[in-house]
Amino acid sequence: VATVDCSDYPKPACTLEYMPLCGSDNKTYGNRCNFCNAVVDSNGTLTLSHFGKC
């Protein structure tokens, strides 16, 4: 199972670095920061489906 450590999030701003991750909501997030901020916003219900685009 793919996992991402989001313990140091949320962050106020994310870089434009592009390393896509696919969330359990079937949405592609541009990088770990964007994904982790969304995880925090979802109260932990969002999980990582896999690395790369959905």
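Every residue gets a Cβ built from N, Cα and C, even glycine.
According to Swiss-Prot, the feature domain 'Kazal-like' maps to 4-54, an assignment based on sequence analysis.
In the shown protein chains, 18 other C-beta atoms lie within 10 A of the C-beta of C6 (disulfide bond). In the three-state DSSP assignment, the secondary structure recorded for C6 (disulfide bond) is coil. The annotation disulfide bond is assigned in Swiss-Prot to C6-C36 (among others).
According to Swiss-Prot, the disulfide bond annotation covers C14-C33 (among others). Within the same chain, residues at least 6 positions away in sequence whose Cβ sits under 8 Å from that of C14 (disulfide bond) are G30, N31, C33, N34, N37. Mapped onto three states, the DSSP output places C14 (disulfide bond) in coil.
If you look up Swiss-Prot, you'll see C22-C54 (among others) marked as disulfide bond. According to DSSP, C22 (disulfide bond) is assigned to a strand segment. The local packing around C22 (disulfide bond), expressed as other Cβ atoms within 10 Å of its Cβ over all shown chains, amounts to 18.
N43 (N-linked glycosylation site) counts 7 other C-beta atoms within 10 Å of its own C-beta, drawing on all protein chains shown. Here Swiss-Prot flags N43 as N-linked glycosylation site.
When the neighbouring Cβ atoms lying within 10 Å are counted for each of the disulfide-bonded residues (C33, C36, C54), the highest count belongs to C36. Comparing C-alpha positions, C54 (disulfide bond) sits nearest to C36 among the recorded positions C6, C36, N43. Over the domain 'Kazal-like' (4-54), the average per-residue pLDDT in this prediction is 96.
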